[in-house]
């Protein structure tokens with residue numbers, strides 16, 4: 001049954017009283033808080049999207065670097081195979097490898113490990 005607006009009815013205490021100044025200011029604060037929360041959530045979602053975009057770009061860059069490094073590894077491996085093959089074919093013919101090593105005094109006689117003071121203008125103070 002619908003409520004009557006008759007104030008003499010004792011069961012009509014569920015009717016809300018007219019809004020007071022306190023209720024009005026609470027409503028305003030509630031609306032402001034919701035608006036502030038909505039803006040904060042919006043900013044949070046924007047930051048999250050930007051972070052995801054940044055991570056995606058970084059991931060793509062790392063994929064490119066990885067591919068370039070894999071190509072370089074492949075090229076260097078091929079180069080190593082080539083040089084290993086060249087060395088293998090050279091070793092049997094190499095006179096340095098088949099002859100005995102010279103005595104150390106012969107190796108170091110032409111090398112001077114003690115350098116005299118360099119008189120170049122570049123090294124002078």
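Each residue, glycine too, has its Cβ placed from N, Cα and C.
TrEMBL annotations: computationally assigned, not manually curated.
Quick look at what TrEMBL lists:
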- 1-15: compositional bias 'Low complexity' (COMPBIAS)
- 1-63: region 'Disordered' (REGION)
- 27-90: domain 'BZIP' (DOMAIN)
- 53-63: compositional bias 'Basic and acidic residues' (COMPBIAS)
- For the compositional bias 'Basic and acidic residues' (53-63), give the DSSP counts of helix residues, strand residues and coil residues. 11 helix, 0 strand, 0 coil
- Message: Looking at the domain 'BZIP' (27-90) alone, can you tell me the average pLDDT?
- Response: 97
